[in-house]
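Engineer: One structure is given below, represented as structure tokens, and several questions about it will come after.
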Amino acid sequence: MFEEAGEVLENMLKVSFPLSLVLFLVLVCPLRAEAAHEFSVYRMQQYDLQGQTYGSRNAILNTEARTVEAEVLSRRCVMMRLADFSYEKYQKALRQSAGAVVIILPHNMSTLPQDIVQQFMELEPELLATETIVPVYFALEDEELLSIYTQTQISSSSQGSSSAAEVLLHTATANGFQMVTSGAQSKAVSDWAITSLEGRLTGSGGEDLPTIVLVAHYDSFGVAPWLSYGADSNGSGVAILLELARLFSRLYSYKRTHAGYNLLFFLSGGGKFNYQGTKRWLEDNLDHTDASLLQDNVAFVLCLDTLGNSDNLHLHVSKPPKEGSPQYTLLKELETVVAHQHPDLKFAMVHKKINLADDTLAWEHERFGIRRLPAFTLSHLESHRSPARHSIMDMRSVSPSLEGAGEATTGPHVDLGKLSRNTKVIAETLARVIYNLTEKGVTGDLEIFTEQMQVQEDQLASLVDWLTAQPRAAQLLDKDSSIINTLEHQLSRYLKDVKRHLVRADKRDPEFVFYDQLKQTMNAYRVKPAIFDLLLAVCIASYLGVLYLAIQNFGLLYGFLRRVTAPRVKQH
């Protein structure tokens, strides 16, 4: 009898055990390639400015993924694609105390419709103004991350539209993703230095010469520092300043064209943080030294900001220039050059008083205006509130050869043809001022920068491509940064007395505080929900229980099987 029992058991195991094993492996062992995915994530801004806190105050993430379609988001990592992102969905995640928010960006922003780009640019300041302890990250889309998002979205959507039994079954059998960051909690960066660069071209004809100051801030800004490339704001201004340094260094190298003006060039750091570099530079030159070009005879200060696009040009002033002043001369020469050489360009002066009650200044020239130095900002933007000045969407450089081909350009970008035109307008205007050409009877259609002295569009293109090849957020550029070193080298090629100016926040009452952990590695692990372990344990226990009862009552089972399988005797 036991030999027959052994034979029956052996036949049962041959059939059932391999099938059970395969079923078990299918349920708990997904493909190895999909078990985990590692990708880079970029954290939202976190900084303090003049006592106000901005951005996300947390960096640690270890929680399960959901999409915003899920009804319950508490302690979950909420994933959203940029195309589906809205401020209402973001607020929903914060209200439900989400564990984190991950916003997935496309690799090619030009694939996004213009309305989505514009909407997100307008939302970036609101995201930063809403201080939160929820970690907020941005990730660039790839095939694996998109697959994770799609699976998570299907799982999240099914929970809200199914019955309770279906939700329970789906919860027990579905795969989830545990999102984990590898970095530590963010902390304040101590003794961070913001670097600014200064260089000059000394005029000819005496010691007490008037000085023209040309200024551009080189840092970029956006909702995530590691995604802030600042092509137009303010890579365009930096490129123009460097090209002006090259052009006027050539003019100042010949005795006949060596003008009676000092030209002072200043690349300021911390421009996106209320112009901290400019503020300290003015303090050092006006309060702490007697030998400064800023103390004697400043004709005017011209700040260059966001000049890489558009057929509009605006001269922003805090106080309209008086007739007969150098500032008025600059205004009139600008109008002359635009009218005679570039009639397609629309030029206008924009007057806005300095509002000291605001948390931040509107334009860089206001820093000089506070110290009673005559200053302007030249920009193609009509308002300082334009979202294009502070957006991660400002990352594209477009050459004229690509215009009109393929998809239309979306978002802020640099049009090299218009950047070159604006550079020439500024150069021609400055030349007419320092050589006093209008009073000498020179007509406005005379072009000075032609042939060997013309603006080099190829050099402008190289500068913009280099500036936009890496993020230039102030938190990422220490005093030994390759960007700072290269800018210093470029200035040294054309200017004299190139020097650095460092700004460090006061330790007792800092005006600005930066934080670390702005870029991390995130891992998405494929996991089963906790209830799956309970369900699996119940199934295994039931299987073993049935097997135990079958062995204990094998005599009854054997007799039953004999009766079922015994051949029937035919009755005649």
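Each residue, glycine too, has its Cβ placed from N, Cα and C.
The feature signal peptide is assigned by Swiss-Prot to 1-35. Among the features that Swiss-Prot reports, topological domain 'Extracellular' is placed at 36-530, with the record citing sequence analysis. Per Swiss-Prot, the feature N-linked glycosylation site maps to Asn108, Asn234, Asn436; the stated evidence is sequence analysis. The transmembrane segment annotation in Swiss-Prot covers 531-551. Look at Swiss-Prot and you will find 552-572 tagged as topological domain 'Cytoplasmic', backed by sequence analysis.
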Engineer: Which of the listed glycosylation sites (Asn108, Asn234, Asn436) has the least company, meaning the fewest other Cβ atoms within 10 Å of its Cβ?
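Structural biologist: Counting other Cβ atoms within 10 Å of each of the glycosylation sites Asn108, Asn234, Asn436 gives the minimum at Asn108.
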Engineer: Could you check what DSSP calls Asn234 (N-linked glycosylation site) once collapsed to helix, strand or coil?
Structural biologist: helix
Engineer: Can you give the mean pLDDT for the topological domain 'Extracellular' (36-530), rounded to a whole number?
Structural biologist: 91
Engineer: Between Asn234 (N-linked glycosylation site) and Asn108 (N-linked glycosylation site), what C-alpha distance do you get in Å?
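Structural biologist: Cα-Cα distance, Asn234 (N-linked glycosylation site) to Asn108 (N-linked glycosylation site): 21 Å.
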